[in-house]
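Student: First, the structure itself, so that you have it in front of you.
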Amino acid sequence: MIITQTSHCYMTSLGILFLINILPGTTGQGESRRQEPGDFVKQDIGGLSPKHAPDIPDDSTDNITIFTRILDRLLDGYDNRLRPGLGDAVTEVKTDIYVTSFGPVSDTDMEYTIDVFFRQTWHDERLKFDGPMKILPLNNLLASKIWTPDTFFHNGKKSVAHNMTTPNKLLRLVDNGTLLYTMRLTIHAECPMHLEDFPMDVHACPLKFGSYAYTTAEVVYSWTLGKNKSVEVAQDGSRLNQYDLLGHVVGTEIIRSSTGEYVVMTTHFHLKRKIGYFVIQTYLPCIMTVILSQVSFWLNRESVPARTVFGVTTVLTMTTLSISARNSLPKVAYATAMDWFIAVCYAFVFSALIEFATVNYFTKRSWAWEGKKVPEALEMKKKTPAAPAKKTSTTFNIVGTTYPINLAKDTEFSTISKGAAPSASSTPTIIASPKATYVQDSPTETKTYNSVSKVDKISRIIFPVLFAIFNLVYWATYVNRESAIKGMIRKQ
């Protein structure tokens, strides 16, 4: 009996201890129990743990679950190797482009760089769904699990899809099966250039894209918003230093090859070169060199060293300018507008040098009565031939009258400046003798040396006038051509 009571008390104690341990807030001594790692208690942010929180319906969790099931169902049995509507209809891919930056343009490589958001839209009946949302934003990873157009750029040398920090791709699925696929691309594309009008040239740089494998019987392309609004360039998107972006023209082409016909979407960006750099670098130096070469016409023709330096220096300068002007251009086989200008300037400079050589070699020296005095020996003209007198007398007799002769010691003649009055010694002196009579004539005028050539006088007028006419025709021609091209682009 005692053993039975003892066992009963022992079992009662164990039950009490068990109840105390399972109570959440107390210990055996009535103090609060410390938190164990596995318990869920009230968090610092004020939220309740799932264990103690009331049952609140989570719509986002339900939507995620719903769309997960929708995607799993859509991709179940989906074959991304087959295009939409295979065997029934042609797949239409609508495209549009937003240009974030345009440039730079390389003249030597004949290419340009463009950064775009490239958007494609198409319809896939296999991806229709019913759900709480009409448009389902998707991760770019899903793009590898569905069919996407095999679009490529016909004139692209290199295209880069941006992947920082993740692939810059956007994919949206509408409940009717329409997909929007957007990528950010940097494209290096060819730009054929015709440089006959350089540097007043205008270029149309194309951007062409289309399907690589699907012909027009399978896939066709069209512009999403029409030809006028499907290509947009950001207002601050120009990265051009030497060009102005005049506008763009959108179109569609059909190309034919041995494998069939393909649709090609085209956009031509019209560029006008800025001429300011070339005016400062080439045109003004050429004009100044030509003017400098014509200064030699105003120098005396006896100034051989000075005029030679003018001619040779200007010719060498034009040669240097013509070489440097070609460095920024591709090595084309035809002459550009700048080449023609430099060639004409070179001809003017070289002609000035040839003109001096002609004047110096062929033109005879002319004499005039003005300018610098050059002494000449006076000529003795024998009026009456007779035998010379044997004895010099200090007197001579004219009609029975005797006159003394005043003989000067210095027989040289001094230079007489213009306008000086003749002296008494300049009058004719008659030397008389019984047998001979001589008359010595002194010049009443003195001759001067004149270095001005008639060819120089003509060149001073002809060369500047011809050069001015050439510039007038040259600039008027290219300015009018530029205006006509701009008007044509606006009409398009």
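For all residues, glycine too, the Cβ spot is worked out from N, Cα and C.
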Student: Quick one: Swiss-Prot says C191 makes a disulfide with which of C205, C286?
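Tutor: Here Swiss-Prot pairs C191 in a disulfide with C205.
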Student: Membrane-wise, does Swiss-Prot list R301 and S453 on the same side?
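Tutor: The record shows them together on one side of the membrane, with a shared topological domain name.
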Student: What's the CA-CA gap between N63 (N-linked glycosylation site) and N176 (N-linked glycosylation site) in angstrom, rounded?
Tutor: 19
Student: Applying the under-8 angstroms CB criterion, which one of 275-295, 306-325, 458-478 scores highest with the transmembrane segment (337-357)?
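Tutor: Counting Cβ pairs under 8 Å, the winner is 306-325.
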Student: Under 8 Å Cβ-Cβ from N176 (N-linked glycosylation site), six or more apart in the same chain: what's there?
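Tutor: Residues satisfying the criterion: H123, K128.
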Student: What's the CA to CA span in angstrom from N163 (N-linked glycosylation site) over to N228 (N-linked glycosylation site)?
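Tutor: N163 (N-linked glycosylation site) to N228 (N-linked glycosylation site), Cα-Cα distance: 31 Å.
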Student: Using DSSP, would you call N228 (N-linked glycosylation site) helix, strand or coil?
Tutor: coil
Student: Can you work out the mean pLDDT of the predicted model over the topological domain 'Extracellular' (29-274)?
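Tutor: Averaging the confidence scores along the topological domain 'Extracellular' (29-274) gives 86.
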